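Record features, source Swiss-Prot:
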COMPBIAS  1-12  compositional bias 'Low complexity'
COMPBIAS  30-47  compositional bias 'Gly residues'
COMPBIAS  77-87  compositional bias 'Pro residues'
DOMAIN    172-249  domain 'RRM'
MOD_RES   Arg17  omega-N-methylarginine
MOD_RES   Ser19  phosphoserine
MOD_RES   Ser52  phosphoserine
MOD_RES   Arg238  asymmetric dimethylarginine
MOD_RES   Arg238  omega-N-methylarginine
MOD_RES   Arg263  asymmetric dimethylarginine
MOD_RES   Arg267  asymmetric dimethylarginine
MOD_RES   Arg269  asymmetric dimethylarginine
MOD_RES   Arg279  asymmetric dimethylarginine
MOD_RES   Arg289  asymmetric dimethylarginine
MOD_RES   Arg294  asymmetric dimethylarginine
MOD_RES   Arg298  asymmetric dimethylarginine
Amino acid sequence: MAAAAAAAAAAGAAGGRGSGPGRRRHLVPGAGGEAGEGAPGGAGDYGNGLESEELEPEELLLEPEPEPEPEEEPPRPRAPPGAPGPGPGSGAPGSQEEEEEPGLVEGDPGDGAIEDPELEAIKARVREMEEEAEKLKELQNEVEKQMNMSPPPGNAGPVIMSIEEKMEADARSIYVGNVDYGATAEELEAHFHGCGSVNRVTILCDKFSGHPKGFAYIEFSDKESVRTSLALDESLFRGRQIKVIPKRTNRPGISTTDRGFPRARYRARTTNYNSSRSRFYSGFNSRPRGRVYRGRARATSWYSPY
């Protein structure tokens, strides 16, 4: 009995302690609906006291609750390269620094504000130069077209004549042989001036050396002048006795070696005279035309002095 009383007293003392946050109080409904606290001699109180004493170490072990670990923030999706960045109020770590860095470059009044106008000025100058180059090309093309369409007077190209026209011109022309190498077209025109109106004087020259060959052709305005000029055959011109005969029309396949020399390669200095007796010198404007048959002693060619 003494042991039971001591246990009840211990249970009452334990029940009389201050109720801490880590202690439990077991209520067992009694006859009056509630069990009395620390009532000595009660069986229910005794059982509760033993249970409290037995559970007290477990409660002390479970009393410190571990702090909840902070939840890891899920990785934020990266924005595509062209998408705008987060705003100033997003609160994302590092966003403010990323926004501040370009802000420093944009707000820098040193280089950025000076380079933009200079760059624009350079681009404008390049555009102007390109436009000027295009205009120059257009002008050059127009000038070339005009030159091709209308050659300048006094330097007209060789006129292509039909066979009938060539025969008619040859009928009004004479051949002058043994002409002095230093003679000019003006001197020949003056020598035959009394025979009639002279349209053209052609002095043939060597193709390679450019030296005169010693004969010429003179074209008159009419056939009557040709007959008159034959009277100057074997006359003296610059100390030489010249030979004057009517010019013959040469055709392909007809030999022209009766005058003692091949006539396949030559240059011609031609001077034209119009009806008002004014004259101009066209230079070496004739091209040799002919066929040379190799392996034979004679050459056959078609010769056109005009």
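Any Cβ shown, glycine's included, is placed from N, Cα and C.
Note that this is a predicted model, so its numbers are computed, not measured.
The average per-residue pLDDT of the prediction over the domain 'RRM' (172-249) is 90, rounded to a whole number. Its Cβ placed at the centre, Arg238 (asymmetric dimethylarginine) has 14 other Cβ atoms within 10 Å. Across the domain 'RRM' (172-249), the DSSP tally of helix, strand and coil residues reads 20 helix, 30 strand, 28 coil.
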